[in-house]
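Below you'll find the structure, written out as structure tokens, and then a few comments.
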Amino acid sequence: MFQDIKRICQSPTEEDKYWFPDIAGSDWLETLHFAMRDFKDESFISQFMSPKIMRDFRFFTVLDDDRNNYLEISAIHNEEGYREIRSRLSSQYNLSNLEPNIQVWNVDLRGDRSLTLRYIPHNRAPLDKGRKEVLKHVHRLWGFDVIMEQQNEDGSVELLERCPTRLNTL
């Protein structure tokens, strides 16, 4: 990609001028320093990966929906697919997409002091089986009951875990 940025700056094509109007024809070393200094991995890819790179490597995206028994090629290295390919590839380097989305949902300060955490799945991915040990650790730190819920796609909420375990759950 660094070589491609240099190429875009020194010898831009019409396609480069369309996709990168701010850097096409600019000083390549300044542009490289700017890119390395101001962009993280995922934003660097989403800002600077060119259609030429995608064509050279014959990039495409595969949609693997767990609700279907088939795979779908959802984008190829053509005009329509460039943005999606860049977006999907950069999201693989976005650390926030790799960590579960668990929010503090409620703290019952006037009652039993229980802490309710809510998990919102990304792409229907379940929490790891190690969640019980994590919940035990949070319970040791909090000192009171800790409840883990999951918000489903349809908006419903289900109880995943409770620490300590109780016979009468939510």
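From the backbone N, Cα and C atoms, a Cβ is placed for every residue, glycine too.
Keep in mind that TrEMBL annotations are predicted by a computer and have not been checked by a curator.
Listed in TrEMBL:
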type: DOMAIN; residues: 1-96; note: domain 'SpoVR protein-like N-terminal'
type: DOMAIN; residues: 100-152; note: domain 'SpoVR-like C-terminal'
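The DSSP breakdown of the domain 'SpoVR protein-like N-terminal' (1-96) into helical (H, G, I), extended (E, B) and coil residues amounts to 53 helix, 9 strand, 34 coil. Note on the domain 'SpoVR protein-like N-terminal' (1-96): its mean pLDDT in the predicted model is 92.
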